[in-house]
Amino acid sequence: MRPEPPHHENAELAAMNLEMLESQPVPEIDTLREEIDRLDAEILALVKRRAEVSKAIGKARMASGGTRLVHSREMKVIERYSELGPDGKDLAILLLRLGRGRLGH
């Protein structure tokens with residue numbers, strides 16, 4: 001029977017094994033991460049475009065004597081994003097804020 005190394009050596013070996021595992025790329029994970037990166041780039045571009053369009057709508061509405069925002073419209077946006085759960089509502093509020101700025105500021 002082989003004697004076990006002291007506890008601190010076990011911890012060092014475990015840490016070395018973990019480092020080796022983490023440094024070895026897993027092709028499927030790398031591919032999925034690349035897809036996430038592409039999706040993030042698309043999402044960012046769409047969010048920026050959404051904010052631009054929203055600001056243009058606000059300017060046009062104000063120029064024609066309307067209000068800065070339409071509450072019922074914003075509620076429809078929040079309702080749409082609520083499909084994603086509670087975080088969806090938060091996401092909708094952030095998107096609305098990006099398009100018009102914070103209310104009262």
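Cβ from N, Cα, C; glycine included.
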Looking at Swiss-Prot, Val70, Glu74 are annotated for chorismate. Which of Arg50, Arg61 sits in that same site?
Arg61
Whole-number Å only: compute the distance from the Cα of Val70 (chorismate binding site) to the Cα of Arg61 (site 'Important for catalysis').
10
Considering every residue in the domain 'Chorismate mutase' (23-105), what is the mean pLDDT value?
91
